Amino acid sequence: MSRAIKKLFTASLILIACVQLFTLMLSSSTLRTELTRISLSSYKGIATQLEATIERGLRFGRPLDGFASMQSHLSKAKSMAGDIEALHITDPDGKVLYTTAPVTPTAFKDLEQNSLTDEWLKDGDSRLTIRPLYGYKNEKKGFLVVKIGTHGITQTVRDFLYTTGLISTVISFITAGLLFARLLFWKAQSHINPLADKKFRTTLFVFFSISQVAYGITTYHLFNQKLDISTNQKLLQVSDSLTYSLEYLLDKRINIAKLHGTTKELKELITKTPELIGASLSFIEGTPKSYGNVTGKNITIPISSGKFTNAVERKRHGTLKLYVNTAAQQKILTSVALNMGTTLVIGLLLLGELASLFAEKNTTTHPQTTTPDSISTLIRGLCFIFFFGFDMVLTFAPLAARNLNTATSGISNSLAGSLPISCEMAAAGLGIFLVGFLSDKYRWSSLFTTGVIFATAGCVFGGASTSIIPFIVARALAGLGFGIAIMAAQLSLVSLENKAQGMGNMFAGILAGSLCGSAAGAMLSDLFNYQMVFYTSAIFCAFALLLIKPAAKVSIETSCQTTSTESSLDTVLSLIKTPKMWSTLILAGLPIAISLSGFLYYFVPIFLNNQGINQADIGRLFMIYSLCIIYLGPVLGSKIDKSNKAFLYTTIAVILSGAALLIATAYPTLPGFSVSVAITGIAQCIAGSSVLLYVLALPGLQKNNKEKMASLFRLLERSGQIAGPLLFGVIATRKSSLQGVCLTGVTFIIAGSFFYFIANSKLLLKLLSKGKL
């Protein structure tokens, strides 16, 4: 076996192992959430059964504070599961009347408010559910408090994840074997960089995809089995009270087939159990009774006499059939399948970015193979690593802020969640401004290094903060580093011949890093505390420093940078005095920025949430936007470089931004918004490269410092990002919000048309000479 094949196999195994571990942890985080939910659902079945038993007695006139055999009912319910720590019955004021645990009978707090939610409440390492108890004429008599420990749930989840981990390991070994077999037939040349070979990288992607699909299908099947077992267990628990009562009456020689109110009992059972769609009670002698949909998948429970008389042989008198709500089960399974698919996409994205980065990093060690595209690829990798670390705290930073001490600062809890983010964004704008005025004194690599240091320090201080004020300062510090880094990365590209393609690659790296980083951060926050994730974020941000030196070296070799002796003030004046810059900003830059920050980041999640779309589906919708930027950005950037018509592509970007708003208005559904988000992504792909390229090519700005001009224009564009949420915030508050979105879309299309005529001066003059305008 040749040396090249050994090198290729080793590098491939390292990549697959890293990505496989990442996807395994990511899928485990998702599965942990679902497994915990269905495990808790079983305990909720016990609570429902006990609640029904108590309310049945209350409706017959039993007083809650003198309920005969209450302690027996509580003891029986507690014995049904080992993790039940305590059961409490309280009066409406929260005073404990009955309990299974030796506690001081003091009043519980906020029982009324906490009983309104169907979710389990955290109480240290335990979970609580609080159920109101109603008596005759639906009068509230008190509360049932169920407290469970999480040891059994944790063990169940751990066992399941251990099994899926073994499956993943076996699949990884099979993948490695197949990869090795494929390499034996691969004829490589020793001078070719293995990971730079597109044919082999395609093979690598195919093998990894197959392994992940196999892992996903196997895990899905195991989860389906677990869901069936959990559902059946819960249905048996919730029906236990009804079965117990019927069998008790049989032993009292009462003809249960002629009982009144049986149908009402079935209705109550179905109403309180979302896993049920129907129930039927049939008798050997008598008319069957049913409620709901009594077709489809069901479990059968015999109703027999002799339980309470200790008969040697029990006689069957009837059958209780519980019909499973398969639609609810399928909804859970669909959610798991979508989450596994999301994990696959993120895993492939991570594999692609790392493979490209390793290939380009290896290429820089061979000067004879360095190409003009090397700098854009390295900048993409640099941004990927930096934003992977920086955005690890993106999903929970507001939550972390709310958990801090705000008593001494006088800041409200709601403001504590938003203020750090606002300060971070303001500091980012300051960072962009500073880069513009320092670009003629320091190279982009020095500025990027400064940004990384500030961002890393902000993440470290954020993790160490114990009160809100230091946390705000930490996020401002991180925001400053963010602004400096993102603008410095753009400065490394503005002097290249293929700057549009470079910009496309850079934004692709940013979005890929953000997507993978936010997923990794959410996963880690589920396993560890927020502080640990902040420190991990700082470490990954610092890893970007390892790529700055090779990227700076290549940028010196490939850059066609020109120097300018103009002062910063002269540059600002040149920009202000250029009319076409203002027309570009007002008619193109601002509409595109408003579309991104106002429509995509603000209006879309709020509108869809109000329509009842769950957060996971909204998150996947944003993945469509990210994937457009990642995979279409570099391709469209290359076309813009070759076309020499940046104004035309800018026009298309503005019109597409407006069209996206019109589509969302015409089809205000999840599929309609999916198309709208995809079009917005394409528009942003084009705009990310073409707008700045057009501004830098304006005749009045040719002699100016390109780096400084780019910084100043990006700073002006941020006004649109600030105005976007404000504009769409006003639109969202109106009853006819879609009409406002439609009007904004039409305005964007008109603005794009005006920009096209102004930018294309020859066409404008031609139309004027013919009297058509």
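Placed from the backbone N, Cα and C atoms, the Cβ positions cover glycine too.
As annotated by TrEMBL, transmembrane segment applies to 160-181 (among others). Sequence-distant contacts of the transmembrane segment (160-181) (same chain, at least 6 residues past either end, Cβ-Cβ under 8 Å): 9, 12-13, 16-17, 20, 24, 27-28, 31-32, 35, 203-204, 207-208, 210-211, 214-215, 218-219, 222-223, 226.
For 202-223 (among others), the entry in TrEMBL reads transmembrane segment.
The domain 'Major facilitator superfamily (MFS) profile' feature in TrEMBL is assigned to 375-763. Each residue in the domain 'Major facilitator superfamily (MFS) profile' (375-763) has a pLDDT score, and their mean in this model is 83.
Residues 353, 356-357, 360-361, 364, 417-418, 420-421, 448, 452, 455, 459, 462, 475, 478, 482, 485-486, 489, 492-493, 502, 505-506, 508-510, 512-514, 516-518, 520-522, 524-525, 530, 533-534, 536-544, 547-548, 550-551, 554 of the same chain sit 6 or more residues outside the transmembrane segment (378-399) yet have a Cβ under 8 Å from a Cβ within it. What TrEMBL records for 378-399 (among others) is transmembrane segment.
Per TrEMBL, the feature transmembrane segment maps to 419-439 (among others). Proximity of distant same-chain residues to the transmembrane segment (419-439), defined by a Cβ-Cβ separation under 8 Å and at least 6 residues beyond the stretch ends, is recorded for 397-398, 401, 411, 447, 451, 454, 468, 471-472, 474-488, 491, 568, 705, 707-708, 710-712, 714-715, 718.
Residues 382, 386, 389-390, 393, 397, 400, 404-405, 431, 435, 438-439, 473-489, 491-492, 530-535, 537-538, 541-542, 544-545, 548 of the same chain, all 6+ positions outside the transmembrane segment (446-466), place their C-beta atoms under 8 angstroms from a C-beta of that stretch. The transmembrane segment annotation in TrEMBL covers 446-466 (among others).
Feature annotation from TrEMBL assigns transmembrane segment to 472-494 (among others).
Per TrEMBL, the feature transmembrane segment maps to 506-524 (among others).
Taken from TrEMBL, the feature transmembrane segment covers 530-548 (among others). Beyond the ends of the transmembrane segment (530-548), by six or more residues, the same chain brings 357, 361, 378, 381-382, 385-386, 388-390, 392-393, 396, 399-400, 403, 445, 448-449, 452, 455-457, 459-460, 462-464, 481, 517, 521, 524 to within a C-beta distance below 8 angstroms of the stretch.
Note on the transmembrane segment (618-637): residues 338, 342, 345, 349, 376, 498, 500-505, 507-508, 511-512, 514-515, 600, 604-605, 608-609, 649, 670, 673-674, 677-678, 680-682, 684-686, 688-689 of its chain, located 6 or more positions outside it, place their CB under 8 angstroms from a CB of the stretch. Look at TrEMBL and you will find 618-637 (among others) tagged as transmembrane segment.
Feature annotation from TrEMBL assigns transmembrane segment to 646-667 (among others). Note on the transmembrane segment (646-667): residues 500, 584, 587-588, 591-592, 595, 599, 604, 636, 640, 673, 675-677, 679-680, 682-684, 686-687, 689-691, 693-694, 697, 738-739, 741-742, 744-749, 751-753, 755-756, 759-760 of its chain, located 6 or more positions outside it, place their CB under 8 angstroms from a CB of the stretch.
The transmembrane segment annotation in TrEMBL covers 673-695 (among others). Beyond its flanks by at least six residues, the transmembrane segment (673-695) meets 490, 494, 499-501, 503-504, 507, 581, 584, 588-589, 592, 595-596, 599-600, 604, 607-608, 621-622, 624-629, 632-633, 636-637, 640, 646-647, 649-650, 652-654, 656-657, 659-661, 663-664, 667, 701, 709-710, 713-714, 717, 759 of its own chain at Cβ-Cβ distances under 8 Å.
The transmembrane segment annotation in TrEMBL covers 738-759 (among others).
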Other parts of the chain folded back onto the transmembrane segment (472-494), taken as Cβ under 8 Å at six or more residues beyond its ends: 375-376, 379, 382-383, 386, 390, 397, 401, 419-421, 423-436, 439, 444-445, 447-448, 450-462, 464-465, 502-503, 506, 510, 541, 551, 555, 692, 696, 706-707, 710-711, 714
